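Engineer: I'd like to ask some things about the structure below.
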Amino acid sequence: MGKMGSEMLIYVLLLMAGVLASGQSSPVKIWPMPASVSYGHTHLYLTSDFGFSSNYGSEILKDAFDRMLALIKLDHVIDANFSAFNSSSLLQGLHIIISSPNGQLQYGVDESYKLIVPSPEKPAYAHLEAKTVYGALQGLQTFSQLCYFSVTSRVLQIDMSPWTIIDQPRFSYRGLLIDTSRHYLPVPVIKKVIDSMSYAKLNVMHWHIVDTQSFPLEIPSYPKLWDGAYSPSERYTVADAADIVSYAQKRGINVLAEIDVPGHALSWGTGYPSLWPSKDCQQPLDISNEFTFKVIDGILSDFSKIFNFKFVHLGGDEVNTSCWTTTPRIRNWLKKHGMNESQAYQYFVLRAQNIALSHGYEIINWEETFNDFGNKLSRKTVVHNWLGGGVAQRVVASGLRCIVSNQDKWYLDHLDTPWQEFYANEPLTNITNLKQQKLVIGGEVCMWGETVDGSDIEQTIWPRAAAAAERLWTPFDKLAKNPRDVTGRLAHFRCLLNQRGVAAAPVAGLGRAAPEGPGSCYRQ
């Protein structure tokens, strides 16, 4: 059998298995799927001077509109003869109505919007209304997916009009973790990740800045901390961090900063060796030294000037306390204070929490803190699940909030976890009480950095993160019961990411799979 024949046979087999056919029955290709969508059968064409007007004067909105137009054009040359078009099919612009003047991005901001294309009152315009500018940003993302450059008409085109889309997110917290300690990520790479997050309506970038391996961030209060960076060029200045936060906010994305204490902190001692229990036993941080808590206070004080999200992440996971008991002076300190190892771990976490609270933050901690002493945690704690299932259920039953990131389904560094499992992972599993369901504030996919850097991070994140993004955005009753039913639509979104310059891997295959051979993007 020739190569072409074998490819056709594979395609037919996939079709029979439902892998390609499923999800292609609906002509709606929007990702994530909105709460409510209706459409028609008419074509519209954007005029060459397509613009927007709004009751809301905002640089954020203007910049977002300009970015959206560039995304739709994709650098194509629009050279249509507009006089040949029926004037009733031409769309001259977009009216944007925003009802709240508050332009501050924060957790729980209203992201709902209503998009009508064209407006029944003014058929030459599309109509977008939202409570906040951040809802309008989400509406612009959806509008961008309705438009495409048509090579036949040589113009930006919208099919299946009229559209009426009413939409809002299912969860307020829809996160992606990046890790800049295991490998340094250059600022342009981080910004590209932020751009791609906005396309999928993710709204929190969890920045796991430092860890055992390196400390790349400038801390003015303790300037030797970034001596723990891999090299002088693999660092972020305060101005870099503030720029990243600003860049994200303009795209409706909050930045959650993390310092992981008391474990995962060996790199801190490169600049300040007294933070180590000893030269030979270098983590967790020295609990017996008041300087340790002064440094944490200094870091969080500096954070509060840069990271204005209401939460800070204090880690607290994987703490091996053996250095505390094998270092004589720390062992004596524990004895003097009447603490065993587990009590010392609790003391450290709670003291770090109090420091964060003093700087106006609410706290996120990894789930070990809850598993070990959940009833002692501040009531302003959000427990970040990662070890497995069932944790969220226990957390919300105790009255605390929870973020779901169970590693068996939502860890992007697990390359053997296919997108179908990302899609099917339900944060509210076995949580039936409505009050408790509200305590699950959302979920997060985690891109741990051991095997990713600027060369491969995008194809490791996408398209699997998009599968989780729909789970977190789309109403539960609109989600596919079987992930294969959305295969075609996800493949379409993956191709859209590629067109926008995002190195998203094929839908077929496991994490960061390569294309198997020649073929259309939409069938990979």
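Easy rule for this one: first residue shown is 1, then count along the chain.
Glycine is treated like the rest: Cβ placed from N, Cα and C.
TrEMBL feature annotations, pasted as is:
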ACT_SITE  GLU318  active site, proton donor
DOMAIN    30-146  domain 'Beta-hexosaminidase eukaryotic type N-terminal'
DOMAIN    171-475  domain 'Glycoside hydrolase family 20 catalytic'
SIGNAL    1-23  signal peptide
Engineer: In sequence order, what residues of the same chain, 6+ apart, have a Cβ less than 8 Å from the Cβ of GLU318 (active site, proton donor)?
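Structural biologist: Result: GLY263, HIS264, GLU368.
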Engineer: Return the average pLDDT for the domain 'Glycoside hydrolase family 20 catalytic' (171-475) as a whole number.
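Structural biologist: A mean pLDDT of 98 is what the predicted model shows over the domain 'Glycoside hydrolase family 20 catalytic' (171-475).
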Engineer: Over the span of the domain 'Beta-hexosaminidase eukaryotic type N-terminal' (30-146), count residues by DSSP class, listing helix, strand and coil in order.
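Structural biologist: Tallying H, G and I as helix, E and B as strand, the rest coil: 35 helix, 36 strand, 46 coil.
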